[in-house]
Amino acid sequence: MFYSDTSSVGGVNPSGAARDGAAHGPLAVRLSGAVRDPVVLLGAALIAASLLLRGWVLRHAYFVEDDFLFVARAAASPLTVEYLTELHKGHLMPGALLLVYVQTAVAPYSWPLTAGIMLALQGGAAAAAFRLLWVLFGRRWAILAPLAVYVFSPLTVPVLTWWSAALNGVPLQLAVALALLWTVRHLREGGTRFAWMAAGAVLLGMAFSVKAMLLPPLLFAVAAAFCTPGRLSRAPGAALAARPRFWLGMAALTAGHLLVYLSRPRDVEGAGVPRLDVGLGMARRLLAETFPVGAVGGPVRWTPVTPAGGLLEPHPGVVAAAWAVLGALVLLSLLHRRRAWRAWAVLAGYLVCADVLPTLIARGRYQELTGYDPRYVADAAPVLALCLALAFLPTWKEAGQGPVHRGGRIPLAGIRSATVAATALFLLVSGYSTYAYASTLSGDRVRWYLDTVRFSVANVPDGAGIYPRPVPQDIVLPWNGERRFSSHLLSPLAEGEVAERVADPRPSALPLVFNDAGFLVNAEPAPESTFFGPPEGEECVAAVDGQVLWPVQSLGGPGLVAGLAYTSGGPTEATLVVGDTVAETTLPAAPRGASWYVPLDGAGTRLLVAVEEDVCLQWVTFGDLVPTVEGNPWHQEGEEEEEEAD
């Protein structure tokens, strides 16, 4: 059970109906009042403006890198528990994989659908954060400042524009806000409804991100530090005693999720022990540069630029300015409010435990530069907004417990003026940082490439063979190995029998490959392919009982194809063998000669070709196929015609 009907001060909560009726009134009345409330209207305007700006940035983004791997895997896999629970680079994310599967089934590689869903989830997270601030601190203008810090935070922009990261990061932000909101409602009002809703929010986060297993500790820290009366040394025990079933249930969720995660087979790209030097450098960048600069609205200029967008490697002057701003905020809050240090401790604990440590475990074996990627701390943005508010404002629980501010506090008028000015400056800086990020995205290039592929697969000649080739490295990096071949990534763009021919290449007399511009063009053996021909002065390759054996050096791979040039009076059977891979094919009749291409992805050191004795093999090639034309073949044909006319 996730609830207790005993209040945090030992009394019994009133019934749900009595409490809701007394405290809130009819729903229609509340909604009517909300749409006329200036605080609600300004908060909604902030959220809407941030979503419009992010929507504009999303127009410059597109699928890249792991996005292709997700779609390709969803298109090739049945919807099973194994598919949903398989780790992807260390991530257990069944909810995300289910969403990918549904989107791929409905409209594969549809950016409007993808961007729309993520933007809607981001809007939901913003609305939940607004409601959380309202419930914790009441109706006051001051809650708009931390709301602006969250909804305009540049930390949340890169994670939104890269679908693979958004599948984890954006639902996690929503889960953080909802879990905090409903936990606070449960602590304030008791009953079962909000307890189960908080548990559901935690499960929602766990369905999309491994980090969500640390949501219950965050909820408990906020509850003990700010929703429980008395000294902090006694607060954890008091919080547990007030809601024992709720916290026991939350602990069970964390333990259960951890057990499920540990039970899954490891993947080579997943978690591992970080290298000490890389881990320390990455942690320093995340904690001392990336998060502080993003928290105050930076970096203004994004660099370096990767295929997935810009990173946040700030100038030392920008880092110093960010720390000066944060230091001033911390100092002012400590002078203003007794419990302010608790808020900053909660934020620091979340950053270290939920963001830095998981990042080190997942990426600490690679490059320190990963520490400049704000995607790894994006989920801390709603926590930052909450802790900023907690550092300056008393919660509903503290309102009746005596003074919450220190003596000789700063005049209220001065605080208001400073808050308005600081918020306006933050909106200007963060708005420009978000605007500048759009220029680091390469969505137009990738969008053009996929649109070209869509056009090409809609006009494939009957009987043509569509052979695998790596897609350009600015779309999927080479280290993804065989997963970056066109047969795996581009088949979802085709339909019916053509999709099968892209995914599972077949022997053909007309070899086609996708060039780097996305056009499906004629193919030829790559210059480094192995070539075997007849002895000098002979027309046919020398064969013994129709069999020929040549030495090759094949590591295997989907792009390997054997090409045969031959003459034959009628259809005939041929067998090709490399290592343990055997390919059997029927050569069409070719009395005047023809070429035939056969996929042969085996690894080995010998190539065996067996044909009937009346077949004349003129030459054999083995290796990759490359396009005969790069760029737009139609433009090149037009240029050739103009040259001939001249």
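The backbone N, Cα and C atoms fix where each Cβ goes, glycine too.
Matching 62-80, 214-232 against TrEMBL, the residues noted as transmembrane segment span 214-232. Same-chain residues lying 6 or more positions outside the transmembrane segment (141-160) and placing a CB less than 8 Å from one of its CB atoms are 39, 42-43, 46-47, 50, 53-54, 57-58, 118-119, 122, 126, 129-130, 133-134, 166, 168-170, 173, 291, 294-295, 297-299, 308-310, 312, 373-375, 377-378, 380-382, 384-386, 388-389, 392-393, 416, 419, 422-423, 426-427, 430-431, 433-434, 437. With a cut-off of 8 Å on Cβ pairs spaced 6 or more residues apart, the transmembrane segment (39-56) and the transmembrane segment (244-262) reach fewer than 3 such pairs and are scored as not touching. Counting Cβ pairs under 8 Å to the transmembrane segment (317-336), the top-ranked stretch among 343-364, 376-396, 417-438 is 376-396.
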